[in-house]
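Undergrad: Quick one: the structure is below, questions incoming.
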Amino acid sequence: MYEGKKTKNMFLTRALEKILADKEVKKAHHSQLRKACEVALEEIKAETEKQSPPHGEAKAGSSTLPPVKSKTNFIEADKYFLPFELACQSKCPRIVSTSLDCLQKLIAYGHLTGNAPDSTTPGKKLIDRIIETICGCFQGPQTDEGVQLQIIKALLTAVTSQHIEIHEGTVLQAVRTCYNIYLASKNLINQTTAKATLTQMLNVIFARMENQALQEAKQMEKERHRQHHHLLQSPVSHHEPESPQLRYLPPQTVDHISQEHEGDLDLHTNDVDKSLQDDTEPENGSDISSAENEQTEADQATAAETLSKNEVLYDGENHDCEEKPQDIVQNIVEEMVNIVVGDMGEGTTINASADGNIGTIEDGSDSENIQANGIPGTPISVAYTPSLPDDRLSVSSNDTQESGNSSGPSPGAKFSHILQKDAFLVFRSLCKLSMKPLSDGPPDPKSHELRSKILSLQLLLSILQNAGPIFRTNEMFINAIKQYLCVALSKNGVSSVPEVFELSLSIFLTLLSNFKTHLKMQIEVFFKEIFLYILETSTSSFDHKWMVIQTLTRICADAQSVVDIYVNYDCDLNAANIFERLVNDLSKIAQGRGSQELGMSNVQELSLRKKGLECLVSILKCMVEWSKDQYVNPNSQTTLGQEKPSEQEMSEIKHPETINRYGSLNSLESTSSSGIGSYSTQMSGTDNPEQFEVLKQQKEIIEQGIDLFNKKPKRGIQYLQEQGMLGTTPEDIAQFLHQEERLDSTQVGEFLGDNDKFNKEVMYAYVDQHDFSGKDFVSALRMFLEGFRLPGEAQKIDRLMEKFAARYLECNQGQTLFASADTAYVLAYSIIMLTTDLHSPQVKNKMTKEQYIKMNRGINDSKDLPEEYLSAIYNEIAGKKISMKETKELTIPTKSSKQNVASEKQRRLLYNLEMEQMAKTAKALMEAVSHVQAPFTSATHLEHVRPMFKLAWTPFLAAFSVGLQDCDDTEVASLCLEGIRCAIRIACIFSIQLERDAYVQALARFTLLTVSSGITEMKQKNIDTIKTLITVAHTDGNYLGNSWHEILKCISQLELAQLIGTGVKPRYISGTVRGREGSLTGTKDQAPDEFVGLGLVGGNVDWKQIASIQESIGETSSQSVVVAVDRIFTGSTRLDGNAIVDFVRWLCAVSMDELLSTTHPRMFSLQKIVEISYYNMGRIRLQWSRIWEVIGDHFNKVGCNPNEDVAIFAVDSLRQLSMKFLEKGELANFRFQKDFLRPFEHIMKRNRSPTIRDMVVRCIAQMVNSQAANIRSGWKNIFSVFHLAASDQDESIVELAFQTTGHIVTLVFEKHFPATIDSFQDAVKCLSEFACNAAFPDTSMEAIRLIRHCAKYVSDRPQAFKEYTSDDMNVAPEDRVWVRGWFPILFELSCIINRCKLDVRTRGLTVMFEIMKTYGHTYEKHWWQDLFRIVFRIFDNMKLPEQQTEKAEWMTTTCNHALYAICDVFTQYLEVLSDVLLDDIFAQLYWCVQQDNEQLARSGTNCLENVVILNGEKFTLEIWDKTCNCTLDIFKTTIPHALLTWRPNSGETAPPPPSPVSEKPLDTISQKSVDIHDSIQPRSVDNRPQAPLVSASAVNEEVSKIKSTAKFPEQKLFAALLIKCVVQLELIQTIDNIVFFPATSKKEDAENLAAAQRDAVDFDVRVDTQDQGMYRFLTSQQLFKLLDCLLESHRFAKAFNSNNEQRTALWKAGFKGKSKPNLLKQETSSLACGLRILFRMYMDESRVSAWEEVQQRLLNVCSEALSYFLTLTSESHREAWTNLLLLFLTKVLKISDNRFKAHASFYYPLLCEIMQFDLIPELRAVLRRFFLRIGVVFQISQPPEQELGINKQ
């Protein structure tokens, strides 16, 4: 303790003694000083003696450390201040220096605190007086330089010392003094020191403020922990409801900042604006990272370094006042470092943070920035990073109203600590200093004004760059930035002094990076009015443009900033489209447009272009970086066996919604980020990409509407209304005109002035929306005319003024000046005239005041307005004309004005004028928005990039294309290529196809590979383009889609180029390509094909040219390019499932182009296809099958290429691939092999070349031989190929194919039957095809044998079929044997039967029925139905051969064979088939008899007969019904009605009239029977005959022929009728055969005749065979049905035979040849059969019940017959009846007497009549017997002896 005291006393004593020793002090005017010094020395001496320590005590501590605080020590130091104060006031530099030096040391070591109140000025502390005294030592520029340094040193110590506190005005005074020393001092060292000191002071002031808040927050945290101890487990919440340091410090509102603080700084500005306000308290919520938090220490160190640059050797502890200036500087540095290091008090060590991980730096800056030299009291801790509190709500609140309306101080904005007030005052002072205008004329770099401006800007920049959380978020500071700094910037941002301009830009950058969330409007103004304006205007200097673009380079490199600009401005309805304009401007610069007028040198232009490109590329890189989470790098994954991480894993890795992105990246591969956007990424409103997109669309609509309005107002308004952006009422439109500043004022005026009713309503609403209350008349008029330009027409102005006057009076009803609205109206008009008169350059003689007053006489209801009132109006208008408000947008000078800039001097002049105007506008706008709270959204979603890119892709593309096109500079080219690459990446990941394709096409175009002028011009940039294209393919393959086409086309051409470059002959397919005539092309003076192919040379060759081309292309063959190209193909395995399909699809397309080349087909891509097929075969099957779909299709085409070599290559490649693919095997139920092998089928089907076909068959045979065990679904293709080979005419092909098929069927089936089941059908089909090849009959027979062999497999292995599952899962397991086994075999056999020559088909038929008979017992019922459907196909008319002879042969051989075979099978399996098949068989037979084929019809009836006779015994009643019905149907269908109705054609053309009488109704039971009469009468509405079914075809044809006036229309009809007649006859015979057994009736007739000849009826003789017939199985009803048929047939025949006229007509028409047609046989046989049945029933004891009906029928039929016989005229006709009569008489004779009675009495008269005919002897004999019997029965006579035997029943 004593030591400390001693040191202090030593300082004081030495200093006082030194002052006293100075010779100046001895002078009289220093007597007061001298006295004070002596008194002080006395006191010190006394004090020292009093407090000397005991001798034995050790020295305590170091002498320079501040002593332990205690009251006793410290009060005294302050009371010795008076001598120093007086010393400082002396004019002697030496004394002043000594005094200052001592004060500095006392303060530094804590001996002088100045805490006591100042006795001279109440309310102040001593320290304030001390500082004032120190500052007072600076007397302006003439102050001694040593003293200047001492002042600086003392002030720095005072401001930075831990031991004293100075605030408010005192701090300002200290800063101000240093500032003034910097400006005033002539000494460079002093200037430098002053500047460094200032920086240091500011750092400390701001750091202390931040620190205090931090400490307090920590304190609060501790408090909270103490209170909520139970919450310790849970993590500390990151969002504190409000920041703690606002809680308990005495608030001081802004209004307490007294004016005097701003003393000498020339800052006599008003107090802080009253309107500094917001609705929430300022809060400390910052997102700043620890690195930035501690940035200040680093800067202190830097400041210290700056100082130490001037140091010289330090000469020990020389405290003399003769210290050299350098020593003072050194001292300051040393002491600063000591203070800084020494003061890192308790708890502030570098590793104070709990975990010590200082490296958690969010913005990517290096941790080295954190240095261990903290500012006094600045704890360096990473553990606490205050996060953003709910303050964000106020930041993005929608309170965009200007808060100027609210008067009075805002209660909200308060300082929570005096330190904040200090910082605020300093900051505000610097802003105001920077705003001071420079003197007119060219700026002088040495002038105070300019140096002050530059210094203030530098200091502001330093404050902003080191800003901590409080500064960044506290509302006071934010408002200060808005109100002072931004306004200052708007002034300095257009400075023509480069240094000022550059500093402004740097400050703007800092603001953009750290404060953008608060400065939305300000940033907009800066961009719009300064940056973009300078870029766009043609007159701005190169330097300005250069600096702006340098700044933009920084902005564009920061992803957050770029996206934020788009989201906050381009997507904001009220903001300018800054992003869009920026990109467009940069694009123009990058294209070098507009640089000519600037008079730039070429070098300057190029560097500007490069910078422009660099910015564009940076923007794209940012967009890539921003959306990188959407991108999947194909090379970081493989599709072979790996899947993408699941959604869940993804979200664990990174939550995409709120990723904080900082900075951008250096290359597309990099993931590092650096840059300026590292602050408060989350300081945002909600970031919803969809919402922003909607906003952007609305904005575009509004802009479009405004554009339209500015051309045609009505059109614009209509458009906006259609789009729903504008209401329809006049009020809505008026409001729109008020608010929308982008409308053309002239058009607004025209619209309002229009006489249209609606326009008037809008105008009234527009005026009514103004509020003129309380305004004087001229102000109101000014306000009214601000918004639009008055139209030219008087009537329009008239209407507007009238309404204005009315509204003015309405708003100001209390006024007494105007008698009525008329007065106001006239006055308004006169004011407008006055303003035109006074301010228009056209008016030469201006109106005087007197004239004006005179003009307005009597306008106030015939009275005058007061003269002084009019005079005031005149004066005001003369002073300022009435005009529209200046529009916000500065108009950029038009093109015409650009050309007029003749010289550089003129340009400068023009530019300065523009700059001045610009500064004015910018400042006005800045001030206007300084109170506006605009919500700022910090973008977080990667989705924004898509609309950004869609908006700007064209200018990007233009810039890059132009760059590549017209500039050979390598740097430009590499920037363009990088840009294009980024653009492609963005278009890719957001799958924006059009844009992606455009960029890829551009890239492809600049490779020069695809252009016709070709490779001759290839330069380095084109080579680089090729490399870029390849890189894109490599990195973005997953997204390229259709763009693969361009890329693969280039790669294909590149291969060709490489061949030329290396001089190698391309590997053409056939060595040399044959020309059309087959001669070899290529003569001496022709260029090789490949040159022609690339469009390089014409016909004749310049070999030198070729050599140079080879050289320029050489680099395309460099190893790197070749490897990179290969990598695309080998890397194809990493493409995802969709991408690989696109890749393959386009590779195939390119390959097709290569192969189709007329001059020289190439196979480069085809080989690549084979390669990638190998690489990708391991993909999951699903993907592979999609790939193969494309490749397979390509092989299909290539395999059919007319060039055989190409096809051979294709087939061979296919074979190799297939072998590899088959090796992998296949699981059950998959179909991949089938898809894979399909090209073989296609080639076989389409390619007619024997070589290729042979090769295909050999390939397949090889597969079967080597891979049979692995083949599953592939069997289908194999059989399909052999099926195609089977019909070949080339023996070797057929032979090889058949051999292999045989091998499969006999051996492979044996071993691998289950694997082949799926294609079992195909195998059978294939064999069937071999059987049908007529050229090789032996093969055919062998094939049928193999089919028989297949049947054996099915029979032996039914289980295999049952177990087999496949696509047709709807087939029940038990049916699978049928569907997959039996049915195919039988079906194919039926095909063979239908297709082959007689011997083969007969063999087929035999085998078919053999199989049925052999294996039929295993068949289910429903299988038989299917089977017979096939069998009946043999009779299918459509399948029959056309030629008549063959048809006949077919009928006689195959059909008969088949019909009988069917009967056999039916009979064999009757039990199963009767109820299943009988209907079908009957239907088939019914169908047979309807065909126009006699043979078929006969077979049908025969078959019916056979089936019934063979099986009738087993028929049920039901089946018999069916049988009868079938017979009935056939009968009815085949009655040839047309024989009766047909008429010969009366005229040549007209059809015959309908016959007036129809003998019987056309009762066609079956649709299929058609009456001629019927079909000639068209029934359909449209008068076309309805087409009847098959059997009517002839008739139908007949009709159509009648209509087409054919010569012999009847022939076809007659043929059909003839067949019907035949069938009728056959059918009668059939019924007879069925009922009585074949040949029975014939026998009976013969016997009857014989008996008659013997003249004896042997009653006892019974026919033995009677019971063989089916009679006994038929019921009486069924028999009656058959009877009805027979009798109908009989009656028809009778009718026809009786119709002589008709028969003659038919005969004449050529029906039935030589004689007249008749139906005698039908007439007689039908009746005969009927009679037999009736008599049989009559005699049948078992049918007693039916006897009565039988008798009745008999009587009717017989009497009718006899009557008819009597009418017959022709001998031959009667002859035909002989047997019939014999039968009738014989049968009647055999019945019992009782019955005979009934019959004889009935027939008696008729029989008597018969006697008159010339009958044959036999008949006569029987008649005789009859009459004799009558005699006996009726007892007319006695019976002769021999006849007594007749039974008398």
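Even glycines carry a Cβ here, placed using N, Cα and C.
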Undergrad: Match it up for me: which of 378-413, 630-665, 666-701 does Swiss-Prot list as region 'Disordered'?
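TA: Checking Swiss-Prot against the ranges 378-413, 630-665, 666-701, the region 'Disordered' one is 378-413.
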Undergrad: Scan 557-577, 809-829, 998-1018, 1376-1396 against Swiss-Prot and say which stretch is down as region 'HUS'.
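TA: Of the candidate stretches, Swiss-Prot labels 557-577 as region 'HUS'.
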Undergrad: From SER447, SER1079, name the one Swiss-Prot lists as phosphoserine.
TA: SER1079
Undergrad: What residue among SER1569, SER1600, SER1770 has an entry for phosphoserine in Swiss-Prot?
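TA: Record annotation (Swiss-Prot, phosphoserine): SER1569.
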Undergrad: Could you give the number of helix, strand and coil residues in the region 'HUS' (557-577) as assigned by DSSP?
TA: 12 helix, 0 strand, 9 coil
Undergrad: Roughly where does the motif 'Nuclear localization signal (NLS)' (711-715) sit in mean pLDDT, to the nearest integer?
TA: 89
Undergrad: In the domain 'SEC7' (709-840), how many residues does DSSP assign to helix, to strand and to coil?
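TA: Counting residues by DSSP class gives 91 helix, 0 strand, 41 coil.
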